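Asks: I am attaching a structure below and will ask some questions about it afterwards.
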Amino acid sequence: MYEGVVQNLIDELGMLPGVGPKSAQRIAFHLLAADPADVKRLAHVLLEVKAKVRFCQVCGNVAAEEQCRICRDARRDPHVICVVEESKDVVAIEKTREFRGRYHVLGGAISPIDGIGPDDLRVRELMTRLADGVVTELILATDPNLEGEATATYLARLVKPMGLKVTRLASGLPVGGDLEYADEVTLGRAFEGRRLLDV
Amino acid sequence: MHVAHLSLTDFRSYASAEVALEPGVTAFVGPNGQGKTNLVEAVGYVASHSSHRVAGDAPLVRQGAARAIVRALIVRDDRRALIELEINPGRANRARLNRAPIARPRDTLGLLRSVLFAPEDLALVKGDPAERRRFLDDLLVARAPRFAGVRADYDRVLKQRGALLRTAAAARRGGPPGRRRAEAEAAFSAAGAGDVLSTLEVWDAHLAAHGAELLAARLELVEALRPLVAGAYAALAPSSAAADLVYRSTLSTGGPPDGDADRDGDGVPGAHGLSTGLGKSVDRAVLAELLRARLLEVRQAELERSVTLVGPHRDDLLLSLGDMPARGYASHGESWSFALALKLAAFELLRADDGDPVLILDDVFAELDSHRRRRLAEIVAPAEQVLITAAVAEDVPAELTGAWFDVAEGGVARVR
Ligand SMILES: Nc1ncnc2c1ncn2[C@@H]1O[C@H](COP(=O)(O)OP(=O)(O)O)[C@@H](O)[C@H]1O
Ligand SMILES: [Mg+2]
Ligand SMILES: [Zn+2]
């Protein structure tokens, strides 16, 4: 244990995803030794990102304004919504240039172990978006792991009465993994070959 | 296949050890507690990614060390594969194949196949159902490594479903005070209890799908094992009653009343019928449907107890000698013969699939009478590679001559 603020810093860093106690300590001492101007810049962007970046009111993607760039873009097809877990998945799918519709970012996947149920995700917002009948296809692009599959099944059942076309990305994605780790070609192909989900 | 070289760093009692091995029989001999089992345990670990002695990985790392490394050079026909496993208790293990990192250690399963006989095997006959399930699942993975994924997925579904059942139970009871209560209530807030039930249905579907895959594979495996176990048992204990196996599924106990036959003739049994008797090709989709139906039947009890009550994680493999169950009835000698017969059957099956697996006999001859000892030695002697440990030279049967290592005071020295 270190004294006061140093330990506080280590503790805070240690709460970041992917940062264990050892790395937290390394980063903390790096910051202690760094040029004050550099640290100030880091502190500034941290605050700025919190102050300025918001989540799109429509789709939940990170946005600089009330709506994200994609939701504001009138050329995007309003009839298709691709449901993903995180904003980073939007970035991954955009890179493939295969998809011209809109997104819906859930903010995670159903995982009882982590205490995450449908109510902790942006499911209700999705249902609201679907209510007016404009959307005709829902692409479920949650991660190809157990929790992602369970979330996709849950959503497919939920929207079943609405009579939408519900599809899931084709297999070929690395099973058990994260969407963001799939390379562009594989992900693009998975989009093209998406299959109807029957629940 | 055979192991041509074994190299250990901070594994069990060994800070480091280098052991060059050959095809044929190799005996490791030395007083108890000197590290003989530790050596063969390492070979078994490379094959199965688990120890035959302990459930977790922590005891495998040398006292005071942070991680252990096991390297094995595997030769099969003329191909060589160097597998390196870094064992990190509490964190993800890492693996390298021919010096290149492998994304998931489990992708190295199947490169080394082995069958390990040890005094612990007696628990296959005398122990809990979990021992027998593990035997079946380990063998499934050894035959087709993709089952490591099926098993892991099934375990994860069980965990998720268990967590959901607990949340539901906590919410029904009004929940324990504090944070947990708040969480439980949150889960019920908007859509009410119906929300938990609808997610439960999703997990039911996944449990059924993964469970059916595991179940179908086990049923097929048991069917393949039956004649081999009966044959091996008869060879070890010629005067005893015949050995047989029946897979008992939680699908077939209870169930709809008086439904113990395939009444609708669709090839699917009702209650009690789901044993190896029905057989050969059990359809996964049909099993998944049965599992889902059973889950609905037991839902109330599951909500009360917060555990998943049906599925392959609660199944058993019933062993019998003649009309009697082996467990509780078989003598010590018969139990030993049965345990050996199960392992020998596993050996036969793996051999028929894909050539000889490496045979490991950890301290077993000392446990056997002279007849069983001789029979076992005769059966294993022709295998491509046999690794034996024994406390004294007399415990190595004469049929099994070959290389000889003395193991003492933390060292392994070849003497013959
Ligand atoms: N994690 C560990 N760190 C250090 N020593 C260990 C560890 N695990 C087991 N040992 C030691 O290994 C010895 C047992 O070795 P083992 O191979 O089982 O003996 P045997 O030769 O009888 O088969 C014991 O002395 C035990 O203290
Ligand atoms: Mg031993
Ligand atoms: Zn948006």
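Backbone N, Cα and C define each Cβ position, glycine as well.
As annotated in TrEMBL:
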DOMAIN    B:3-391  domain 'RecF/RecN/SMC N-terminal'
BINDING   B:Gly30, B:Pro31, B:Asn32, B:Gly33, B:Gln34, B:Gly35, B:Lys36, B:Thr37  ATP binding site
REGION    B:253-274  region 'Disordered'
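Thinking about packing and proximity, how do these listed features fit into the structure?
Replies: Under the DSSP three-state reduction, B:Asn32 (ATP binding site) is assigned to coil, being neither helix nor strand.
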Asks: Including all protein chains displayed, how many Cβ atoms other than that of B:Gln34 (ATP binding site) lie within 10 Å of its Cβ?
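Replies: Total other Cβ atoms inside 10 Å, all chains included: 20.
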Asks: Fewest neighbouring Cβ atoms within 10 Å: which of the binding-site residues B:Gly30, B:Asn32, B:Thr37?
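Replies: Result for the binding-site residues B:Gly30, B:Asn32, B:Thr37: minimum number of other Cβ atoms within 10 Å at B:Asn32.
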Asks: Which chain-mates of B:Pro31 (ATP binding site) that are at least 6 residues away have a CB under 8 A from its CB, listed by sequence?
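Replies: Looking at Cβ-Cβ distances below 8 Å from B:Pro31 (ATP binding site), excluding near sequence neighbours, one finds B:Ala391, B:Ala408.
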Asks: Among B:Gly33, B:Gly35, B:Lys36, all listed as binding-site residues, which has the most CB atoms within 10 Å of its CB?
Replies: B:Lys36
Asks: Same chain, not part of B:Gly30, B:Pro31, B:Asn32, B:Gly33, B:Gln34, B:Gly35, B:Lys36, B:Thr37: whose C-beta falls within 8 angstroms of the C-beta centre of the ATP site? Give them in sequence order.
Replies: B:Thr389, B:Ala391, B:Val407, B:Ala408
Asks: From the binding-site residues listed here (B:Gly30, B:Pro31, B:Gln34, B:Gly35, B:Lys36, B:Thr37), select those whose CB sits under 6 A from an atom of ligand 2.
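Replies: List returned for ligand 2: B:Lys36, B:Thr37.
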